[in-house]
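Asker: What TrEMBL shows for this protein is this:
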{"type": "SIGNAL", "residues": "1-25", "note": "signal peptide"}
{"type": "DOMAIN", "residues": "27-69", "note": "domain 'Leucine-rich repeat-containing N-terminal plant-type'"}
Amino acid sequence: MVKGSQIFTLSVTLLFFIICGKTYGTDTDIFCLKSIKDSLEDPHKHLQSWNFSNKTEGFICNFNGVECWHPDENKVLNLKLSRMSLRGPLPHGIGNCTSLTGLDLSGNNLSGSIPENIATLVPFITSLDLSSNQFSGAIPLSLANCTYINTIKLDQNHLSGQIPQQLALLPRLRIFTVSNNSLMGPVPNFTNGHVVVNYSNNEGLCGPSLKPCPNN
């Protein structure tokens, strides 16, 4: 009998081979981090360690907030840039981190909309945390194309409009939190019973675990 932990290990291993077979890393990942640093205001110099004059293999793996697939290879696995007082829009250059599986930008002062092509920028993402920022606009429909994702945290922003119903079709999703926004309309009908949700302080939302939606 295959245990849950074994299934998780197999899934991570499979994702590793998929990513390695479809991405190139190194130069593109270096360019990815350069573009992120250039596009964000960093008033407290948290990204000061991002010095690109070093050309040794794996040098970006020592950058603050950067985790690599292997310490001696310039291929970014996770970006953990939470609570750094960073300002600006979500950097489109993040799409050059072609092996990225985790993105945590929570607790900053990032603003603007979440890119419509988010699934193209981070196709292999498993965890996305954009909570406690100043993001506005709608939750992009393309987020439903991030088929590896298991965690989506968008709490405490200024998001509005409806939540895409297609998010209910994400097969691996386990956490979906959007509290303290200005969202409205019916919430997705997560039928697998394993998704932890938080919709609090969105007065316009309705549906399962909330007020009934109007018939129309």
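Placed from the backbone N, Cα and C atoms, the Cβ positions cover glycine too.
Describe the structural context of these features.
Answerer: Distant neighbours of the domain 'Leucine-rich repeat-containing N-terminal plant-type' (27-69): 16, 75-81, 84-89, 91-99, 102, 110; these residues of the same chain sit at least 6 beyond its ends, with a Cβ under 8 Å from one of its Cβ atoms.
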Asker: So, by DSSP, how many helix, strand and coil residues make up the domain 'Leucine-rich repeat-containing N-terminal plant-type' (27-69)?
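Answerer: The counts are 17 helix, 4 strand, 22 coil.
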